[in-house]
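The following features are taken from TrEMBL:
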TRANSMEM  95-119  transmembrane segment
TRANSMEM  139-158  transmembrane segment
TRANSMEM  170-189  transmembrane segment
TRANSMEM  195-214  transmembrane segment
TRANSMEM  235-254  transmembrane segment
TRANSMEM  274-301  transmembrane segment
TRANSMEM  322-343  transmembrane segment
TRANSMEM  363-380  transmembrane segment
TRANSMEM  392-410  transmembrane segment
TRANSMEM  422-442  transmembrane segment
TRANSMEM  454-477  transmembrane segment
TRANSMEM  483-507  transmembrane segment
Amino acid sequence: MTDKNRAEVLKGAGILSVGTLLSRVLGLGRDIALAALFRRQDTDIFFVAFTIPNTFRQLLGEGAMSSAVVPLLAQKMTREGEHATRFVYARFKGFFIFALAVTTAGGMLFAEPLCELFASGYHDYGSQFERTVTMTRFVFPYLFLMGISLLDASALQVKRSFIASALAPSWLNISFLLTAFLLPPWLHARGLDPAYAMGTGALLGGVLQVVCQWPSLRQLGFWVKPVLDFREPTIALFFRRIGPMLIGVGVYYVDVLFSRRFLSELGIGAPSYFMWAMRICDLPQAVFGMALTSASLPMMATLVSSGQLSQLVHLFSSNLRLVLSVAIPASVMLVVLAEPFTAALFQRGQFDQVAMHETARALAWQGGGLWMVVVVRQVIPLFHALEDTKTPILISALDFLVFFGLASLLKGPMGHCGVSAAVVGASLFQMVFLCLCLGVRFKQFPWKEVIHSALRILQASAVAGGGAWGICCWVSAKIPSTWTILHAIIGVGLFGLLFLGACWLLGVSELTPVARMLMRRIPFLSIRSSPFHDR
């Protein structure tokens, strides 16, 4: 049973990882284009305006929505069959269309006080605040589109269909790329603000993300007419579940939202530097961490509903070790290679040397805390699967206080890097206390195995990071500084080779499932040729 569960989780995670990787690569392409084609004043405005609806998308898509909807629909499917599941899904969809429409209208109506809350510092920069308010109203309908798209994706997860929802975000980034290159000259010629090319890309991408999932919904029987029925008991149960989940998972994003207020007080460019660093961190964070969480949720829900808690603990500890084997080296690599990464990705056009240096500083701080965020997002859904909502809520409330206090103290001496450091400090606090509470809940949880695995991964990552940093310093003195892409390629390649070699020497077994999955797709290799074959 355990091997079968693990295989299903890895298969789903593999599909989601490929789709997410494609989306994130396109997303980096989008950010490269925005950094090169638009002024810092324009990107600052758009990033703040887009923060609220986009954070809502990330908050629901990367945990809360699927953690609440998937278990309910999976339970309905197991106990009452497909007809009952479609019945409930139709009422979910009707209610969500109504609720999202009301929320979107409210956001557009109260855009000015929202911007006052999150970007009050823009009052000091001419018309920056007024432009931000107008842009916020323009892009807020993205929230409505993403809410519908995420509900559809949750329904597809119940049927173990991951491809359409994994590829959906790519359409958003394609839309951004098209509008960033094509619309600014057209808008400028008509006396309109070229920054609205970014907002148009967001709305067009939202529409495409909804539409691209329609064929899969029709094929799997979830093409239903929305029904608005406030009396449906499953909707009430959904709110009892998602409320605590939003608080628990959403603290990271509340930190990010309030960080906008601090950043708006730190000068032109600070919000953009923070955002670009966060976007780079999103790539490894989402490619495997969020993919593994989404793929394992249906299986975890099944184990909880059937009372197989020992199997649940085994599956979760296995997932935690696996995700740490990716998240820890990713964190180390982002810290030691922050400048080569940033220069290779962004240093062109409007993105000058100063912007590169400041973004790299923010990336080094945020990258160091990436693995903590990944662990938190693995632990919180387990608490909620066990119907323990009080613990994540309490820790999340304390987490926000830690962030607010650290950001207030550090933004003065450290500037925008102080805000990034505050996010990392708050994530560390949340991770430590969640894990302590999890240990109290499960006395026999195999923490020794998890910690031992993490320490070996950290050792291998330290060897790789030190070697890659030293050789990159030597290489940078030998080749022109303008060859930024070559610097980054050398750094990443060396880090990867040194990390894999160190893992092999240290006997790291957590990467064995990933190696096996890769070997099955490379005909001329066998699993016995893998350095991670069980020894």
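Cβ coordinates come from backbone N, Cα and C, glycine included.
Nobody curates TrEMBL annotations by hand; they come from automatic prediction.
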When counting Cβ pairs under 8 Å to the transmembrane segment (454-477), the leader among 95-119, 195-214, 322-343, 363-380: 322-343
For the transmembrane segment (170-189), I need the partner stretch with the highest count of C-beta pairs below 8 angstroms, choosing only from 95-119, 139-158, 195-214, 322-343. 195-214
Per the Cβ filter (under 8 Å) with a sequence gap of at least 6 from its ends, the transmembrane segment (322-343) is approached by 276-277, 280-281, 284-285, 288-289, 292, 356-357, 359-361, 363-364, 366-371, 374-375, 378, 450, 453-454, 457-458, 460-462, 464-466, 468-469, 472, 484, 487-488, 491-492, 495, 499, 508, 510-511, 513-514
Positions whose Cβ lies under 8 angstroms from the transmembrane segment (139-158), at least six residues beyond its ends: 46, 49-50, 52-54, 56-57, 60-61, 65-66, 69-70, 73-74, 77, 85, 89, 92-93, 96-97, 99-101, 103-104, 107-108, 111, 164-165, 168, 199, 202-203, 206-207, 209-210, 213, 216-217, 220, 222, 294, 297-298
